[in-house]
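Annotation comment: TrEMBL describes B:Gly111, B:Val112, B:Val113, B:Gly114, B:Asp115, B:Thr135, B:Thr136, B:Lys147, B:Lys156, B:Thr174, B:Leu175, B:Gln176, B:Thr177 as NAD(+) binding site. If you look up TrEMBL, you'll see B:Glu189, B:His252, B:His269 marked as Zn(2+) binding site. The feature domain '3-dehydroquinate synthase N-terminal' is assigned by TrEMBL to B:74-184. Annotated domain '3-dehydroquinate synthase C-terminal' per TrEMBL: B:186-328, in sequence order.
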2 protein chains.
Amino acid sequence: MSGVRELTVDLGDRSYPIYIGEGLLDEAGKLLANHGISKKSPLLIITDANVAERHLAHLETVLREGGFGVTSAVIPAGEGSKSLSQLEKLVGVALENGLDRKSAIVALGGGVVGDLAGFVAASYMRGINFVQIPTTILAHDSSVGGKVAVNHPLAKNIIGAFHQPELVLYDLSTLQTLPERDVKAGLSEVVKHGLIWDAEFVSWCDDNAEKLLALDPEALGYALYKGCSVKAAVVSRDERENDLRAILNLGHTIGHALEAVAGYGELLHGEAIAIGMVGSARLAVKLGAPEEVYGVTKRVLSRVGLPVRLPAHLDTDEIMRAMMHDKKFQEGAITFIVPVAIGKVEINKSVSTALIRDIVEQLKQEAV
Amino acid sequence: MSGVRELTVDLGDRSYPIYIGEGLLDEAGKLLANHGISKKSPLLIITDANVAERHLAHLETVLREGGFGVTSAVIPAGEGSKSLSQLEKLVGVALENGLDRKSAIVALGGGVVGDLAGFVAASYMRGINFVQIPTTILAHDSSVGGKVAVNHPLAKNIIGAFHQPELVLYDLSTLQTLPERDVKAGLSEVVKHGLIWDAEFVSWCDDNAEKLLALDPEALGYALYKGCSVKAAVVSRDERENDLRAILNLGHTIGHALEAVAGYGELLHGEAIAIGMVGSARLAVKLGAPEEVYGVTKRVLSRVGLPVRLPAHLDTDEIMRAMMHDKKFQEGAITFIVPVAIGKVEINKSVSTALIRDIVEQLKQEAV
């Protein structure tokens, strides 16, 4: 395990480690055992069809050799699997294979797998152990912090829980086969973590965009370590999103609405929030932040290959309506995360819907 | 609010009060406001068709007069409503009515309503406030302690959460219209709380069975206060069922299996666990407890009108299989709660399935 980076998400008795390195899947048996995953009770790996093809047999073998009782369930790839009907199926698989209260669910895959498998772990028998093995760049975000959920036909991530994993195991080798579009979309949350917390890291992303796009292992390992560190720092201070944690939603107020209106799939999550972050930067400047907040935000996102213009065919009224359905809308106001400088944001609950509407219109004309 | 009994479930920053008294529905607006339920965000009352007919209009009026924004959802009465499809419907109602993260769900009804509405509250936006207004005797048990869940076609209460209410409001007046069979079934959990914790209260139940069956308000208020107190004491010491809380499952290992095999509905929950408690008492004596454990258990349950004999047509093999599917089956062993005396039980993980099988057979021949 040379070159393995390790960090801790500090949550008292729910603290857990994140391991980042090449070839870590080979160490899965040892790491799970070291972190209290039971060998006496069966564990269930949940993954999707794409990931299963590349990594499932490998993980099953490693865990079985490590003495674990292993069952697997393969779900269809894509956001459509984050449903209550999929939850019901997986709980059925868990029951049929005798998973008990000491069992663990292992999520092998991207954000969809992590969110769904995490909610299975959170709700099966009112909560069993959970291990995240993210296989996308985007999942560096969703796999840290314990937010798990499925979608409702009317809203995304609306049925869920806070359920922290026992450990997160990030094998950089699994990222080498990612499609280019997913690489770029994943870097969106990496850049976001810089924008909300760490100006120096934003500058590093600006300088190292090409290496990141080329999946250079050293650059990628560092970027994921930094991204996870920011996420861990924020989550440690506010596990259940009472206040500070909301800053992680930079770009998400507009971004989620875009995903909902475009129909899940047309815009990837990372693409939608990239556009949302440009919107937040525009808003920031209107509210008095330095001009560079907009300039730098847009430049860095462009450099890592992300869209910064809102597709013109998406209806502004529909986008506004979708925003009102979001969890960030409460007690009659939208919560907006607004940069005050690069690396620093504030939570603003008094942005008028008229102003947001203007921003949405302007994002349709953004120069690219 | 004369004659109102109050007690606290002590869970640190999740502590909450239970109010028990006649006519408390009239005070609902004041009590909710006093316990932090927001008037700025809409609240959703969830109830079933039977309870709606008797109490919904009253509660809606009281809460609206108290300044709350009130929406209601009425589900079909019965265990069948504790399903993921009902959860999806209710989340849809919540979304359509603009419930946000500061909103509350109010459960008005028995255990089915409380369990389902509680899981809606636990999972909607990853958890919003929750108020329990139990309208059955049985619900004195399920409304305290934060266990919420829905059923899966293969197992009862298998998808759920620990989600504590902000307060529990028990209006004794709502119990006056309960069907006789539900009164008896409800008293089953009352007696259970005596059997696991408080010999004196068991003796009181023995002496006051007739008053309880006649719904004498003073006796009923006292019995519910005592039942809730035992539940609160146990839950305070072990919120997430790591160890002690398991004692609340006296009679439930056999009881749940009986419900599953009989098909939910033939045996009420309280009836099934009454039979289960007689089984546990038989087991206790076999394992060395004094003979009176069996004698007193059976007598008190009979006095409050509960069945003590297992219906002969239920198949023993099926009952045993159902037990293996239960949450109490873990790491290859069944967890059994076994009395050592009246008012005192222990957790036994080494009862052989052969012995349990014998007990099940004997319960079919129980003299009544």
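The backbone N, Cα and C atoms fix where each Cβ goes, glycine too.
Here the features listed in TrEMBL are placed on the structure.
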residue  : record              : CB count, 10 Å
B:Gly111 : NAD(+) binding site : 23
B:Val113 : NAD(+) binding site : 31
B:Asp115 : NAD(+) binding site : 26
B:Thr136 : NAD(+) binding site : 25
B:Lys156 : NAD(+) binding site : 21
B:Leu175 : NAD(+) binding site : 23
B:Thr177 : NAD(+) binding site : 14
B:Glu189 : Zn(2+) binding site : 24
B:His252 : Zn(2+) binding site : 24
B:His269 : Zn(2+) binding site : 25
Query raised in the report: Taking the centroid of the Cβ atoms of B:Glu189, B:His252, B:His269 (Zn(2+) site), which other same-chain residues have Cβ within 8 Å of it?
Result: B:Leu138, B:Asp141, B:Ser188, B:Lys192, B:Gly251, B:Gly255, B:Gly270, B:Ala272, B:Ile273, B:Gly276
Query raised in the report: Where does B:Lys156 (NAD(+) binding site) sit in the DSSP three-state scheme?
Result: strand
Query raised in the report: Per-residue pLDDT averaged over the domain '3-dehydroquinate synthase C-terminal' (B:186-328) comes to what?
Result: 94
Query raised in the report: Taking the Cα atoms as reference points, how far is B:Thr177 (NAD(+) binding site) from B:Glu189 (Zn(2+) binding site) in Å?
Result: 19
**Report entry** Inter-residue Cα distance where the pair is B:His252 (Zn(2+) binding site) and B:Leu175 (NAD(+) binding site), in Å
**Finding:** 24
Query raised in the report: Per the record, NAD(+) is bound by B:Gly111, B:Val112, B:Val113, B:Gly114, B:Asp115, B:Thr135, B:Thr136, B:Lys147, B:Lys156, B:Thr174, B:Leu175, B:Gln176, B:Thr177: how many Å separate the farthest pair of Cα atoms?
Result: 29
Query raised in the report: Using Cα coordinates, what distance in whole Å links B:His252 (Zn(2+) binding site) and B:Lys156 (NAD(+) binding site)?
Result: 12
Query raised in the report: How would DSSP class B:His269 (Zn(2+) binding site) in three states?
Result: helix
